[in-house]
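J.: One structure coming up, written as C-alpha cells, with questions to follow.
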Protein chains: 2
Amino acid sequence: MSEAHPSADGLQSRRRRLEGLGTAELVELFGRLDSAERAVQFRLLQKDRAVAVFEDLDPRVQREVVDSLREEATTELFAALDPDDRAPLLDELPAGVAARLLEDLSPDERAQTMALLGYPEDSAGRRMSPQVLTLDEDTTVASALDRVRHAPESVETIYVLPVTGPRRRVHGVVSLRRLLVSDPEARVADLMVPAATVRATDSSEDAANVVRDGGYVAVPVVDTEDRLLGVLTVDDAMRVLEAADDEDAARVGGTEPLRRPYLSAPVLSVVRSRIVWLFVLILAATLTVGVQSYFEAELDAVVALALFIPLLIGTGGNAGSQAATTIVRSMAVGDVRTADVWRVLGRELLTGALLGFSLAAVGIAPAAWVAGWDIAAVLALTVVGVCSLATTVGACIPLVARRIGIDPAIVSAPFISTFVDTTGLVLYFSIAKLILGI
Amino acid sequence: MSEAHPSADGLQSRRRRLEGLGTAELVELFGRLDSAERAVQFRLLQKDRAVAVFEDLDPRVQREVVDSLREEATTELFAALDPDDRAPLLDELPAGVAARLLEDLSPDERAQTMALLGYPEDSAGRRMSPQVLTLDEDTTVASALDRVRHAPESVETIYVLPVTGPRRRVHGVVSLRRLLVSDPEARVADLMVPAATVRATDSSEDAANVVRDGGYVAVPVVDTEDRLLGVLTVDDAMRVLEAADDEDAARVGGTEPLRRPYLSAPVLSVVRSRIVWLFVLILAATLTVGVQSYFEAELDAVVALALFIPLLIGTGGNAGSQAATTIVRSMAVGDVRTADVWRVLGRELLTGALLGFSLAAVGIAPAAWVAGWDIAAVLALTVVGVCSLATTVGACIPLVARRIGIDPAIVSAPFISTFVDTTGLVLYFSIAKLILGI
C-alpha cells in the first residue's frame, strides 16, 4: 500500500485528500494504516489538525504513530525525499508528539529523528535536550525535591526546572536553589519566576545568545504555542557559540571552516577550505586588469600614477575590512539587525569620509614632495572617495547578505577588498583625468 | 611614618630590610606598624614568608592586616605607584589572606581591591567569584545539604561544591545533584570527583576555555599551591569568551574593539577605533611606492607588467589573510600553541605552494591569451611564490607575536596583506627581470 519513495505529486494529492476529511474520519483512518504510511500521512497534516487528531487517537494508536515516526524505514523514506518535497511535509510537530518521539533515544537515534521534526538545521530544536524534568504549578516544594531526587540520569539538568500548565504550556521556571531554601509545603507556582524561552525554530546561535546574555544555566525550548519541547543548556549553548564563532572567523578571513583542529587536519583539506575562495577572488580581481587596460593611455601619459596604485587600493581594502569585521561581529552578537541598514550606511559613510580626510590631511604634504602637488591632490581626493566607498560597501554588504539569506561572514573582508580594488581604480583614474587633464 | 608615595628605591631598601628579619621579628613588627605602612610592608614580603608571618599573627592583627589592605588609602597608594614599581611589591597573596580580603566586598570594592592581589589584568583571579561554599572531606551528605540550604545569597553557585582539605587545598568537587541522590550518611570524600582547576594567574580566556571544553557549571580557581581562592562560573566564562572573541574579531579586521554596541558608539569613537591601524598600514604601504620606483625602468620597458599588479598583490594578501585567520582562531581555542611554529611553517609552505600551483595551472592559458606566454610564465611563477610566502608569513607572524607577548590578533590580516604587497612586488619584478631579460 505504501510507496517506497513517494513523489512530490503523490504527496500533494494525498495532502489534498487528507484536507477533505474531518477529524473523526482521520482518527478512523489512522487506526487502519500500516506503519510507514501512517508516519507519512501524519506528517502531511497541518499542525493544528495533527494536534486535534493525535489527542483523539486511542492511546495504543498514539503510541503506534510515535513508533512509526521512529522507525528506521520512516527515517530512510524521509531522507530519500528531495529537500524541497520534504519541506511541506514537515510542519512543526505538536509538542506532545515531539516530546514522546524524542524520549529514550540514544544521541545517534535522536540526531536521525530530528530530521523528521520539522526544525530547520542549525535551529534551537536540533540542539535542545528533550529529556527535561517539569513541575506542575500545584506541586509542593517537598514533592518537587522528591522528583528531582528520583530524576533519571538522562535528564540533562535539574538546576533549572520548567513549570508547566495544561497542554505543556510553560508558565515559568524555578531554580533548584530556590526549592532548596523554601518551605517544603510551599507551592511551586509561588516560587517560580517568568521564564526566558526560545522557540525550537529559532536559530541555535540566537538561542545560545539568549542563554549567554541572561547568564542562565538552561532555557526552556518551546513550540510556536509556547509548549515545552526541551531545554537548551549552557554547555550546549557554549558549544553552539564556539562553532558559530569558528565559522564566522573562518569566513571573514575568506576560508571555509575546517571543523576540526588545525594540526590534525590534512594539508589537502586545508587547501580545500581555501582554494575556492581564493579562486573566486582572483577571478574577481581580473576586473582590475580590465580597468587598467581601459585607462592604459592615462597610465602611459603619467607613469607616476602607477606608483601609488598598491597603496591606494590597499588602503581601500583595509578600510573595507575594518567596516565589514565590525558589522559581521555586531550582527553575530545581536547588536545590529538587517533593519538597521540605513543607519549603518549613514554612519559608515561619515566614518569613511572622516578616515579619508584624516589620512589625506596627514599624507598630502609628503605625497606632494615625492610626486608634485597635482598628483598629491589626485591622491588626496581618491583616498577620501575610496575610504567612504569602502566603509559603506564593507558595512552594508554583510547586512544585505543576511537579508537575502546568505551568511554575512561569507561576504568576507577579502571579497570586499577585491571589490574595492576595482572601484577604487576607476575612481583613481577618473579623478586623475579630471585634475591632470589627461 | 608612612610616605604617601613610596619611591621604588625606598621600596627596594625596605624589602631588603624585611628580608633580614626572622618570622618572630616580623610578627612583632606588624603588631606595631600603622595601617598604610602595614599594608605596604606586608605586600613586600615574599609569598612563603607572608604565609608564615600571617599564620603566626594574633587574630586581631590578622584582621587589621586584611583591613589595611582593604582601605581606600591603601588602594590609592598602590594605584599611584608606577606599574613597574608595583610589580615586585605584588607577589601572589596567600590564599587565606586573599579569600578574607575579598569576602563581603561589593563588586566595585572588589574590582578596586583586585589590583592589590597580584593577579595580572585579564587573569582568572580577576574574574573569579571569591564567595564560594566549600565542604570538608569528612562532612556527611546531610550536613553538606544543610550548609547549602543556609548558604548566603552572595555565594555564586551551589551546584558545584569544592571539597577542601587542610590549608584550603582542593581535593575534589561534588555536584549538588550527586549530593541530592546520595545516602544522607555518606561522606563527601566518597562522592567527590577529581576537580579540573585553573590558576588565579592563568589568563581568563584560557580558564574560560577549560570551563567550556569540559562543560562545567563552575571550576575552582586556586593559587600556585592548589589552595582554593574562588570559582569561575560558566556565565562569567561565557562573558570572558565573548569579550575575547570581540577583541580577536576586531583586531583580525584591523580595528580596536569598540567595547560597546556598534549603534550606540559615537561615530568619532568608531573612527578612533580604526584610524590608528589605517594610518600604520598606509605608512607600511608607502614601501610599495618605493619598490615600484626602484623598478621604474622595468615598468617602463614592459608596461603590461603594471596591469597585473593589483591582481597579484591582492591574491597574496588574500592567501595571507586566510592563513592568519586560521591560525589566530586556532590559537584562541587552544588548538595551536607557540611551540608548534615549525610544524605550522611546514604545513603552510606546502599549503601555499599547492594553492599557488592550482591558481597558476588554471590561470596560465587565459593570461597567455591576454598578455603572451612570457608574461604568463612570469605571472605563474609569481603566483606560486607569492602564495607560498603569504601563507607562511601569515601563519607564522601571529605565532611569533604570541611568543614575544603581543596579542596575535593585532598582527592582523590587513597588516599581513600590506607586508605581502611589498615583498610580492619585489618577487614579481625580480622574476620579470630574470625571464624577460629586462
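Any Cβ shown, glycine's included, is placed from N, Cα and C.
These figures come from a predicted structure and were not determined experimentally.
Not my notes, these are from TrEMBL:
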- A:128-189: domain 'CBS' (DOMAIN)
- A:191-247: domain 'CBS' (DOMAIN)
- A:275-295: transmembrane segment (TRANSMEM)
- A:301-328: transmembrane segment (TRANSMEM)
- A:349-369: transmembrane segment (TRANSMEM)
- A:375-401: transmembrane segment (TRANSMEM)
- A:413-436: transmembrane segment (TRANSMEM)
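Describe the structural context of these features.
T.: Per-residue confidence over the domain 'CBS' (A:128-189) averages 90 (mean pLDDT, predicted model).
Long-range Cβ contacts of the transmembrane segment (A:275-295) within its own chain (Cβ-Cβ under 8 Å, at least 6 residues beyond either end) map to 254-256, 313, 412, 414-415, 418-419, 421-422, 425-426, 429.
Counting residues 6+ beyond its ends, the transmembrane segment (A:349-369) has Cβ neighbours under 8 Å at 308, 315, 319, 323, 375-377, 379-381, 383-392 in the same chain.
Residues 302, 304-305, 308, 312-313, 315-317, 319-324, 326-328, 331, 336, 338, 340-341, 344-345, 347-349, 351-353, 355-357, 359-360, 363-365, 367-368, 407-411, 413, 416, 419-420, 423-424, 427-428, 431-432, 435-436 of the same chain, all 6+ positions outside the transmembrane segment (A:375-401), place their C-beta atoms under 8 angstroms from a C-beta of that stretch.
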J.: What are the DSSP helix, strand and coil residue counts for the domain 'CBS' (A:191-247)?
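T.: Tallied per class, the domain 'CBS' (A:191-247) gives 25 helix, 16 strand, 16 coil.
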J.: Pull the DSSP breakdown for the domain 'CBS' (A:128-189) and write it out as helix, strand, coil residue counts.
T.: 20 helix, 17 strand, 25 coil
